[in-house]
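If you look up TrEMBL, you'll see 75-97, 117-140, 152-171, 183-203, 215-243, 255-273, 338-357, 387-407, 419-438, 444-468, 480-503, 515-538 marked as transmembrane segment. Per TrEMBL, the feature domain 'Major facilitator superfamily (MFS) profile' maps to 75-543.
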Amino acid sequence: MSKPHISILYFSISKSSPSLFHEIALKNPSISTYNQLKTNKPFCVYSFLLNQEKMALKVLTDLDSARTQYYHFKAIIIAGMGLFTDAYDLFCIPPIMKLIGRIYYRSPTDSNNLYEVPRTVTSAMIVTALLGTVIGQLVFGRLGDLIGRRKVYGFALMIMVLSSFGCGHSICTSRTCVLLSLGFFRFLLGIGIGGDYPLSATIMSEFANRKTRGAFIAGVFSMQGFGILASSTVTMIVCSIFNRANGGNDGADLAWRLILMIGAIPAGLTYYWRMMMPETARYTALVERNVPQAARDMEKVLDISASQIIEEFSTYLPNSPRSNYSLFSKTFIHSHGLDLFACSISWFLVDIVFYSSNLFQSQIYKRYLSNNHNVNAFQEAFEVAKIQAIIAICSIIPGYFATMYFIDRIGRVKIQMMGFFFMAITLLAIGIPYYSYWNNNTNIGFMFLYGLTFFFSNFGPNTTTFIVPAELFPARFRTTCHGISGAVGKLGAIIGSIGFLWASHNKKDGYNEGIGMTASLILLAGVCVVGMITTYFFTSETMGKSLEENENIGINEDHQNESVGNDY
């Protein structure tokens with residue numbers, strides 16, 4: 001808030017809203033300007049509103065300069081548990097599909113002929129959750145701005161918890177019924193996960209100080225890495241227990257249900273703490289316009305004394321008007337349209353690449369898995385989960401940590417460009433010699449390059465696209481714009497998932513021939529290059545600035561001056 005633009009906007013409506021100022025006078029009879037407010041004198045209105053803005057500015061300045069405290073780390077866990085559940089659910093699907101395949105896709109004539117779940121079914125399960133995520137991001141993102149972050153935060157988490165349990169509670173016994181039931185609850189789970197994205201990022205950004213804000217938002221997002229590791233660990237433990245108990249496929253139907261339901265427990269344990277979180281000070285001060293309450297809420301969770309602020313500025317501004325432009329108005333498009341485009345397109349592009357290589361990794365390095373005719377269902381699912389755990393420990397989690405360390409040192413834009421660049425390089429290194437070398441030599445070198453794509457995705461655009469939308473937009477549009485950016489990103493994830501499925505088809509598997517792995521990987525590298533270019537030209541750097549400085553509200557000063565002049 002380098003300029004008193006809020007006061008200027010209020011000042012310009014002094015003739016058009018006399019009831020507002022009368023209400024101020026009635027609810028604040030102790031102020032010396034009571035009679036002047038009742039008679040609607042602009043100078044006194046300006047002074048009163050400027051006093052309110054000074055109070056808000058004081059609250060936000062204290063919040064931006066607050067030292068890193070215990071509550072910041074607590075907020076990472078509370079806000080990050082939704083992302084944890086998201087990754088858990090996503091990465092448990094490949095091993096679960098191995099178990100489901102052994103149960104519901106056996107040959108009707110030969111019990112020894114074991115079949116896997118068709119790729120179309122696996123893809124449909126993933127896309128169903130992604131469609132729910134798109135809806136959740138749009139709906140909960142808008143609700144977070146309209147009625148408050150805290151009021152809808154717990155509801156999104158509860159949807160995730162209940163739908164996770166629902167995924168494992170299908171009472172069906174037929175293949176079609178089980179898959180439809182699983183798909184339905186995964187769709188609901190996606191809605192909850194989608195709602196959690198904009199709320200978690202925004203809540204962390206509005207609690208954090210300006211110097212370490214990027215690291216803390218990245219810390220929230222890094223919970224995905226631990227969700228992947230937890231998913232793999234739980235799968236391996238469950239499969240080991242069932243394998244030792246009976247050594248066959250009889251318990252597989254119970255095992256996959258347990259794996260899904262266990263993922264709801266960590267999220268459920270944080271529900272109480274989410275409900276105990278106060279509304280963010282920025283939302284209370286800038287959107288609800290209740291600055292004293294914002295100061296009191298801030299004092300509850302951070303070691304900041306708000307008493308002096310409340311004593312110095314003891315008045316409350318009731319039902320104060322918002323800024324004079326709405327979502328998708330001409331002023332919004334002029335001021336924030338380019339930022340919204342940059343956030344959305346970057347998220348869209350990185351999700352095409354991330355999901356195309358991530359969801360079917362068990363197929364990509366299937367040479368490391370034993371022949372499914374030589375192992376039972378639990379052993380096969382165990383091996384898939386083990387490979388996922390190795391990838392998480394060696395590349396995914398280190399990528400998150402690297403971002404947390406460097407994000408507030410070198411900036412968001414540089415990390416995003418670097419990530420896109422090295423992802424393109426590694427994809428080309430795999431794709432160009434794929435048929436001449438890697439196809440028959442899926443060795444440590446291949447795994448190293450494949451792991452690098454995950455490392456530079458997370459030490460790059462996969463993380464920064466989550467961070468930047470939570471920093472760029474005004475408080476009253478923040479979760480909405482983050483939700484829009486994320487929803488566009490998940491559309492890219494759907495394209496990546498289905499596109500990879502089509503591209504990897506070959507005749508020996510009974511499908512029409514696709515474009516092949518080389519062309520697919522080169523195409524994905526091209527997507528990364530486009531992402532690097534759009535980042536360079538369109539993405540704004542937010543490092544080291546307050547959220548209010550990052551807004552860059554482009555209200556035409558001539559129009560402001562004209563409005564002030566007319567009021568006189």
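Yeah, the Cβs are placed from backbone N, Cα and C, and that goes for glycine too.
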Counting a contact as 3 or more Cβ pairs under 8 Å, with residues at least 6 apart in sequence, do the transmembrane segment (152-171) and the transmembrane segment (215-243) touch?
no
Leading stretch by Cβ pairs under 8 Å, where the reference is the transmembrane segment (419-438) and the options are 255-273, 338-357, 480-503, 515-538
515-538
Quick one: do the transmembrane segment (515-538) and the transmembrane segment (338-357) reach 3+ CB pairs under 8 Å, ignoring pairs fewer than 6 apart in sequence?
yes
Give the nonlocal contacts of the transmembrane segment (338-357) in its own chain as ranges (CB under 8 Å, at least six residues past its ends).
126, 130, 364, 416, 419-420, 423, 427, 450, 453, 457, 460-462, 464-465, 468-469, 472-473, 481-482, 484-486, 488-497, 499-500, 520, 524, 527-528, 530-531, 534-535, 538-540
Can you work out the mean pLDDT of the predicted model over the domain 'Major facilitator superfamily (MFS) profile' (75-543)?
86
Per the 3+ Cβ pairs under 8 Å rule, pairs at least 6 apart in sequence, do the transmembrane segment (215-243) and the transmembrane segment (75-97) touch?
yes
